[in-house]
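Positions annotated as domain 'Gcp-like' by TrEMBL: 29-300. Taken from TrEMBL, the feature divalent metal cation binding site applies to 109, 113, 130, 294. According to TrEMBL, the substrate binding site annotation covers 130, 131, 132, 133, 134, 162, 177, 181, 266.
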């Protein structure tokens, strides 16, 4: 039986998970939360990760009931992500691998999300919608690569939602996207926003600029409520994502959709995608916040798949890269 420990810390979450042959043994996580109206800076986020990473590592081993000798491989997030947090976690993973005498593996963060989603949902060969604070991609597997069929041409959908949350001072606890989702449920009026789909790609910066400028005027004049704006923003950006995902499904002849990434927890997005899938006679696969949001187990799972096909990362090659494309990775573990 192969046991892999995974270290994730590409953004404001630090997580360490342990996987044993498809079984999640532990998956503790901590989140760096900033005051309302503020984002998280790379240096502050890295400082947070440094302060808690050893505690999280101890929790992961204790919850799994394992000792370092039981671990077969140490996996860490190589990228994409924020530089300072990535370096912090990679440094600890490298140190642990050397102290324990274990092989090291650098994992693509995006592929970690996909492999975790496939493990938990048992989706066979889905069209993948990967939506998070830093990434927005429509992906399908073909010939040993996860091919990107469409993506954002500017900012990610999660970043769009988070930055709007700052405009209207929504709390970042537990996350701005979650709080937007709850407020949107109380919205009753749809405010027309720019809808920007360009072929298979999407753009969110114009929508954000428009709603940032309009929000204060509309709220001050009583034209709408903050809940209405949250509702309108969600409906617009999610409709764009459903449209591009459906087009990729049609191109690939796919009958499965898998939603991964932090924004994938959003129940309204799942509902809208579910309607599209039902109309096409397709099946939707999604997970909850335990596995959608950045976590260590997803890095461990991708690392488990890679390690079993003979992949390892030599110490001198164990750098990080903030820009690490999903389609750069050869998928040696799938037919």
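The count begins at 1 with the first shown residue.
Every residue gets a Cβ built from N, Cα and C, even glycine.
No curator has checked TrEMBL annotations; they are predicted automatically.
In this structure, 134 is the one among the binding-site residues 134, 177 with the smallest number of other Cβ atoms inside 10 Å of its Cβ. Between the alpha carbons (Cα) of residue 109 (divalent metal cation binding site) and residue 266 (substrate binding site) lies a span of roughly 20 Å. Sequence-distant contacts of residue 294 (divalent metal cation binding site), defined by Cβ-Cβ distance under 8 angstroms and a gap of at least six in the same chain, are 8, 10, 11, 13, 15, 29, 109, 132, 262. The divalent metal cation site is set by 109, 113, 130, 294; from the centre of their CB atoms, other residues of the chain with a CB within 8 Å are 10, 110, 112, 114, 132, 135, 260, 261, 262, 298. Across the structure, residue 266 (substrate binding site) and residue 130 (divalent metal cation binding site) are spaced 13 Å apart at their Cα atoms. The record assigns 130, 131, 132, 133, 134, 162, 177, 181, 266 to the substrate binding site, and the maximum Cα to Cα distance across that set is 18 Å. Note: the Cα of residue 113 (divalent metal cation binding site) and the Cα of residue 177 (substrate binding site) are spaced 18 Å from each other.
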